[in-house]
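The following features are taken from Swiss-Prot:
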type	residues	note
BINDING	ARG20, GLU76, ARG116, LYS428	(6S)-5-formyl-5,6,7,8-tetrahydrofolate binding site
DOMAIN	212-351	domain 'TrmE-type G'
BINDING	222-227, 241-247, 266-269	GTP binding site
BINDING	ASN222, SER241, VAL243, THR246	K(+) binding site
BINDING	SER226, THR247	Mg(2+) binding site
Amino acid sequence: MDTIYALASARGKAGVAVLRLSGPQAYEAVAAFGVSLPEVRRAALRRLTWNGEVLDEALILLFAEGASFTGERSAEIHLHGSAAAVSSVLQALSELPGLRLADAGEFTRRALDNGRLDLAQVEGLADLLDSETEAQRRQAMRVFSGAIGKRTERWRSDLIRAAALLEATIDFADEDVPVDVTPEVRGLLERLISDLKREVDGSRVAERIRDGFEVAIIGAPNAGKSTLLNALAQREAAITSEVAGTTRDVIEVRMNLGGLAVTLLDTAGLRETHDPVEALGIDRALTRARAADLRIFLLDQSGEVVGLEPEADDLIVQGKADTRLTRGLSVSGLTGDGIQELVEALQDRLLARTAGAGSFTRERHRLAMERAIRAMESAHVQLMQGVPHPELAAEDLRLALRALDSLVGRVDVEALLGEIFSSFCIGK
């Protein structure tokens with residue numbers, strides 16, 4: 001197997017830059033810089049030389065096979081974070097036989113291949129690297145720490161027990177089986193189905209935390225939607241004008257709201273129009289507003305809600321509070337009056353939705369659990385009917401087991417890896 005190397009830290013000027021090596025020649029590659037090797041897991045300062053020239057002073061760390069991130073013999077070189085120092089060491093490594101620059105995500109791929117991580121942990125690491133908010137970080141850390149693997153292993157153990165009991169009735173069909181195993185199998189399946197359904201519900205919330213919530217600002221033309229968006233975003237994200245119908249397309253602004261990733265949507269004003277371009281913008285506004293997690297209905301002077309019927313958590317807000325007396329929740333994007341109260345109301349509603357978040361954070365997790373549920377429900381129905389053909393119920397349990405195994409990458413893993421590792425840098 002090749003020994004791979006890459007810059008593991010971000011490019012650019014910094015205090016420290018970290019180079020990572022993994023593979024059978026990792027130690028020899030470090031020694032090629034004319035340094036004595038430190039003990040494993042002991043950092044040591046060494047002067048790196050190449051062709052008689054000092055390249056840099058660096059901290060060297062070695063990791064033994066089976067006790068590193070990748071599971072292979074590995075090394076880290078902590079350099080001064082100058083582009084020139086990093087470039088000189090990378091150039092030297094490229095001249096060594098048996099070494100090559102790592103592909104994107106290849107260190108993590110080797111950790112997966114060597115059993116250091118399961119597929120769900122790899123996804124958790126990808127989410128951790130992409131996390132923007134505290135809620136995303138906490139959720140990604142739960143997945144990266146192995147929460148999905150541990151839970152799946154418990155489910156798998158119970159399912160294997162149920163399958164083994166059912167297989168026994170097939171293997172000894174011509175003999176007297178001393179105990180009727182059907183009640184125990186039914187009980188195991190009922191508990192598993194209940195657990196998985198609860199996790200499916202929680203996964204929908206977890207997906208929203210991972211991807212971010214969408215909040216649409218809707219209302220009549222010139223109600224102040226774009227001004228409100230700018231006030232919430234604390235920057236000029238949308239063009240504002242006294243001319244009604246200025247906003248034609250949906251404007252998106254990503255922000256951190258109370259530790260949650262939120263995308264605010266400024267939409268076209270809702271009204272009857274003969275302008276085909278404006279009509280298209282209104283259609284898009286209604287489509288995005290319906291799909292949003294929450295809507296802010298910004299009222300104009302008429303005080304009428306337009307376009308859609310508000311749902312339970314939606315906020316109805318009186319706009320342009322600086323120009324007239326208002327009741328209830330009201331805001332002024334120009335003066336900032338009421339903005340903090342609106343932000344707090346949004347936070348309360350969105351945080352309440354995260355209370356039921358589970359550990360399963362991706363659509364593929366939810367779909368795999370739903371496949372397992374369907375297969376187990378099919379087996380359970382047959383058991384309730386007396387199992388005239390137990391081999392059919394046993395096949396359902398095998399399908400359920402395969403669905404659970406796909407959660408952690410025991411099966412069907414190759415098709416997913418390209419998509420997952422496409423978001424990794426070469427040093428990860």
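Each Cβ is built from the backbone N, Cα and C atoms, and glycine gets one as well.
Within 10 Å of the Cβ of ARG116 ((6S)-5-formyl-5,6,7,8-tetrahydrofolate binding site) there are 17 other Cβ atoms, across all protein chains.
Of all residue pairs in ARG20, GLU76, ARG116, LYS428, the annotated binders of (6S)-5-formyl-5,6,7,8-tetrahydrofolate, the farthest apart have Cα atoms separated by 18 Å. For the pair ASN222 (GTP binding site) and LYS428 ((6S)-5-formyl-5,6,7,8-tetrahydrofolate binding site), the Cα-Cα distance reads 49 Å.
Around LYS225 (GTP binding site), taking its Cβ as the centre, 31 other Cβ atoms fall within 10 Å, counting all chains.
Secondary structure at ARG20 ((6S)-5-formyl-5,6,7,8-tetrahydrofolate binding site), taken from DSSP and collapsed to helix, strand or coil, is strand. When the Cα atoms are compared, LYS428 ((6S)-5-formyl-5,6,7,8-tetrahydrofolate binding site) and ALA268 (GTP binding site) turn out to be 42 Å apart. Among the binding-site residues ARG20, GLU76, ARG116, no residue is found with its Cα located within 10 Å of the Cα of SER226 (Mg(2+) binding site). Residue density at LYS428 ((6S)-5-formyl-5,6,7,8-tetrahydrofolate binding site): 21 other Cβ atoms are found within 10 A of its Cβ, drawing on all protein chains shown.
Separating the Cα atoms of ALA268 (GTP binding site) and ARG20 ((6S)-5-formyl-5,6,7,8-tetrahydrofolate binding site) is a whole-number distance of 50 Å. Counting other CB atoms no more than 10 Å from each candidate's CB, the binding-site residues ARG20, GLU76, ASN222, SER226, ALA268 peak at ALA268. Cα to Cα, LYS225 (GTP binding site) and ARG116 ((6S)-5-formyl-5,6,7,8-tetrahydrofolate binding site) are separated by 50 Å. Averaged over the domain 'TrmE-type G' (212-351), the predicted model has a pLDDT of 78.
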